[in-house]
Amino acid sequence: MNSDKIRKVLFVINPVSGSNQEIDLKSVISETCPRHGLRPQFFETTGDHDQEKIKEAIAGADPYAVVAVGGDGTVNLVAGLIINSAIKLGIIPTGSANGMAFELNIPGRIDESVAIIGADVSKRIDLLRINKKHLAIHLSDLGMNARIIKRFDQEKIRGLYGYARQFFKELKSPSHFRCTIACDGQKRRHKYKVVMIAMLNTHFFGTGAVVNPTGKINDGRFEIVVIKPYPWYYIFHMMVAFFTGHIHRLRHVRTLSCQQAIIEMVSPQDLQVDGEPIGLVNRVKLEVLPLPLTSYTIARKITSS
Ligand SMILES: Nc1ncnc2c1ncn2[C@@H]1O[C@H](COP(=O)(O)OP(=O)(O)OP(=O)(O)O)[C@@H](O)[C@H]1O
């Protein structure tokens, strides 16, 4: 490989993410990179002031790409540091929740995800800003899923098993809340009674369920998916619709497409952003950030009808 084509890549590794803590990630990545014309450098997160430290590492490394090696929390952290720059975002999905990797069709095998960075196929994507301070790359929500994520975080049982445990606990005692939603400065606020509200620019939950089949990641808009209370016997129907890309057609689901929106809750509700619990909020202000990030991806066809 011609040395002037070798690209510097900074890998930001979350050593505690998911259940892959046994693998020597640095060795595997170091062995794989030269085959794809990449020169790796590494940064390990500690959970303490990572943002500032990664910022310094990026300034020192001057990389072509920064790769988040972890779950959606690590992807969000890295994305926030390279938006509005020429640096590209890569992902090696090793988290409990890898929704953004699923969205971008990035495989779980390290050699395959490194090969995508080597192939240098990328696209620009929109992001969301929530309440002026939280950057959201994958999926944020209010209500049921945010409560599940809060308890998952508190119980510290990581991996899919930990999430499934909390999901079934929540199903035993579902609750709803009332809110109003105003899109794109409309004076008229729509009133809803809901179980949860997803706010996203992407298509999939980390499990692969299609929550937003009609959305586009680069159209300058985002979607608010309102899930209204449904009878218990409807759950199977909902699950099938989630996995076949038809959730938007159910009468208990409403999808709004906007550039900005305000959601106001009658009682405070849990908010989560890209898998990180934020806490209780009364009001959520959403705005799209058009195309501030370039991300590696493999094209995928999403079917909706
Ligand atoms: N070395 C570390 N020790 C403890 N926590 C860390 C460390 N590095 C990062 N973290 C925390 O990990 C979280 C992000 O995890 P990430 O989403 O990448 O993986 P995950 O396995 O999906 O995580 P989780 O299971 O907590 O959702 C952040 O809350 C961050 O503060």
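Including glycine, each Cβ sits where the backbone N, Cα and C put it.
Automatic prediction, not curation, is the source of TrEMBL annotations.
DSSP places the residues of the domain 'DAGKc' (4-134) in helix, strand and coil in these numbers: 52 helix, 36 strand, 43 coil. Marked as domain 'DAGKc' by TrEMBL: 4-134.
Remote same-chain partners of the transmembrane segment (194-211), defined as residues 6 or more beyond its termini with a Cβ less than 8 Å from a stretch Cβ, comprise 72, 97-100, 102-103, 125-128, 130, 136, 138-146, 174-179, 181, 217, 221-230, 239, 242-245, 247, 263, 275, 284, 286, 288, 302, 304. According to TrEMBL, the feature transmembrane segment maps to 194-211 (among others).
Sequence annotations record features per position, and here TrEMBL assigns transmembrane segment to 231-247 (among others).
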